[in-house]
Amino acid sequence: MRQTDERGFALPAVIAVTTLLFTLVTFVAALAVRSHEAGRLYEERMRVKYAAETGIAKMQQEWALGQRKQDTLLDVGGVTVYVQVEEKPDNALHVVATGYGEKGVQQTISALIDQKTLAIINWIGYHGNKKTEAPMEHSKRHLVLIGMMGTGKTTIGQAIAAQVPLPWKDTDQALVAKWGCSIADFFALYGEERFREEETQMLEACLAEPSLLLTTGGGIVLREQNRQLLAERAFVVHLDAEPEEIIRRLTQTNEERPLLKGDLRQRVYDIYEARRELYRFADVRVDTTGKSIDEMATAIVRAWQDHV
Ligand SMILES: Nc1ncnc2c1ncn2[C@@H]1O[C@H](COP(=O)(O)OP(=O)(O)OP(=O)(O)O)[C@@H](O)[C@H]1O
Ligand SMILES: O=C(O)C1=C[C@@H](O)[C@@H](O)[C@H](O)C1
Ligand SMILES: [Mg+2]
């Protein structure tokens, strides 16, 4: 009887002490995990902030070399940095750099820069996870990729299509579907001028739709009329790549590109040089050299989301 009493008393006490100990250990462990996570988040914020600042410095360097002052997507040590530039009175540039890191960390820093000397007039400040002031230009309701053959418009477009709720069209693919023959065959049958006419009509039809993700043929910028239409109605991203990288990529594909027939290297260098200025009207430029398709797609989606 006594034994039963002792057991009856001991058991609840053991359970209570064990429960208390368990709760205490769990609490301390949770605190440790949380402070470790907070530390990691703090480190990530610092890394992204530093990348955004470096992004501004990189653009200052490029502008010093004569590069056009234009919005640009950069990769700074694995952090995507979107640098937006706005002309201000008194020869000043307002430059806003947003770095996008891991764990949803986003840091923005902005500065006023003297257009002539490229010196920083003053830093405007940092803010975390805050959208930059990019007023939506409602007429620019399409997302369009332009760029030289082989810069990845179609491939990156496909990856973007999986991330944004926009219908995706590719002018080359739409033309092939319309004609029922390849671009190379169309060129052989009707020549380049007729192709350009068809391309413009297709562009007009696409831009008349409510809102599209549109990937274009490399030569869409040849016609002034097309450049104007695009500048008015689309948020235009210029995919760029070094000619050597373009040559490497195009050597690995079987797709026939009529304008590259003959000496591929020479053709790529010639066309690149001839069109270099024609791509410059884009809202954003991005260098895809050495970058993966997914990382490009994610960076462009961010720039688009900033635009809308
Ligand atoms: N970032 C990249 N890294 C490595 N390879 C790539 C990259 N982007 C595209 N490629 C490859 O380069 C080739 C050409 O790409 P794609 O057809 O998308 O170019 P495009 O810009 O659409 O060319 P076009 O103007 O002729 O339509 C494909 O084989 C593609 O897989
Ligand atoms: O750069 C160009 O002129 C071209 C690029 C391709 O996308 C096709 O539109 C066609 O081969 C012509
Ligand atoms: Mg293409």
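Cβ atoms here come from the backbone N, Cα and C positions, even for glycine.
Note: TrEMBL annotation is automatic and uncurated.
These figures come from a predicted structure and were not determined experimentally.
Per TrEMBL, substrate is bound by Arg196, Gly218, Arg275; the candidate from Asp172, Asp287, Asp294, Asp306 named for the same site is Asp172. For Arg275 (substrate binding site), the same-chain residues lying six or more positions away in sequence with a CB closer than 8 A to its CB are Met148, Gly218, Gly219, Val221, Leu222.
What surrounds the ATP site, by Cβ distance within 8 Å of the Cβ centroid and not counting Gly150, Thr151, Gly152, Lys153, Thr154, Thr155, Arg257, is the set Gly147, Met149, Ile156, Gly218, Leu239, Arg249 from the same chain. Every protein chain considered, the tally of other Cβ atoms within 10 Å of the Cβ of Gly152 (ATP binding site) stands at 23. Contact annotation for binding-site residues (Lys153, Thr154, Thr155, Asp172, Gly218, Arg257) versus ligand 2: Asp172, Gly218, Arg257, each with CB under 6 Å from a ligand atom.
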